[in-house]
Amino acid sequence: MMKLVAPVGCKAAAAPSTATARPRLPVPAQACSEARRGGAAGVSAWAWPFSCGCALAGVGLARQRWRRQRGARAAAAAAKTATKKTAPKAKAATKTKAAPAKGKQAEEAPAAPLPDADGDAEVKKQEKLARLRKLLKSKDSKPGDNRVFFLGETSSAAVETCSTGCLSLDVAMGGGWPKGRIVEIYGPEASGKTTLAYHAMAQVQKAGGLVAYVDVEHAIDPDYARTVGVNVDELAFNQPDSAEKALDLVEELAVEGALDLIVVDSVAALVPEEEMAKDMGESTIGLLARLMSKALRKITPVAYGNGCTIMFINQLRASINPYGPPEVTSGGNALKYYASVRVEIRAPKGGLLKRAGEEDPYGIEAKTKITKNKCAPPHKTAKFDIIFGSGISQESSILDAALAAGIVEKAGAWLQYKDLKLQGKEKFVQHVKNNPDLCSELERTVKEHLEAPKETADAA
């Protein structure tokens, strides 16, 4: 029977046998102890070459590999430390060699000129401008209207405006409705949206312009428009029965270049032909939004090129989004982006105007907010009175503008302008209405007050 041989280093190792034995493997004593512990599980401590010899050999190879890697890392760290210590000395030696010689040679050596960064940048800028002017000149010689020019060389950079017909609103908007831009008036029902559009039409006609009114809601009141000041005999009018016809007409009128203002009343009433062809119960989600987005992409550059203002009247709808605003406008989001000016108009609760001793109101107090303005600072507000049957009260708007400018002082219910002191806004407005000279003086003073800061800023 063959005898089992104990590993080298084990205390239980026996003297070598004369009989032919299995060659002994050099295994450390730790492995022997692990083999002995294995005996507790039923494996003989002396049977380790047969049960776990391969595993112990793998452990030895892994240990050797780990020792080699540890030595390599230690050598790399030592080399890095040596490099850091020698780098400052090498840098100092380089500076010493590059230092100028003392004495006569140092005196004869000319000082190196400092680089002029601003001068080099200006030279490069002028070279680029010369190349750009050459390119622009070559493009001007080619046929077509895709001309490129410097913005400061043309007067088109200044945005021209037309009065809204309400002085306090002109002040809030920075002058009035911008020419050649897309604008939007929106608000709840019976808040004065159409009245504001009628006044804009009347002001354009007074300035010698032409106006078109696209009545999508089929609800125009010619008598009221005439009372506000619209010349209905020179008003281009249309009542389309589909959104495509209405927007195509707006594009054609803008391309013609003969109109100064086109009013679309309203976006919410535009019905796409696809929606008209379907039954009431069929879904038509997003049709108007896609149509408006396409139309505005085509209309915007044409309106700007011909100086024609496109005014869209819009309605509010309740929003289903619990985290956003409670109300949204119809027709998608495209109009919000393309509009240069967006005016929200509301009639606050309790804003009905009543005379003392009368129950029936004679008007409403409208409040507007410029929610977007690309031509002046936005988010300004303006208040004015709308009288039923006659439109915006000019005297009331002048008084509101004078109060905002501090020209008319208010103390409680008393209003004072110079020596004139009256109690209550209604009495003051009536007094201004009965004195045209006072009305003109207040209006002129308000405009001078608004222009004074601009002149001071220009002089500075």
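Numbers here mean position along the shown chain, with the first residue as 1.
Using the three backbone atoms N, Cα and C, a Cβ is placed for every residue, glycine included.
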Feature region 'Disordered' in TrEMBL, mapped to one of the ranges 72-123, 176-227, 280-331, 332-383: 72-123
Positions on the same chain near the compositional bias 'Low complexity' (72-81), where near means CB under 8 A and six or more residues out: none
Across the domain 'RecA family profile 2' (323-397), average pLDDT on the 0 to 100 scale: 93
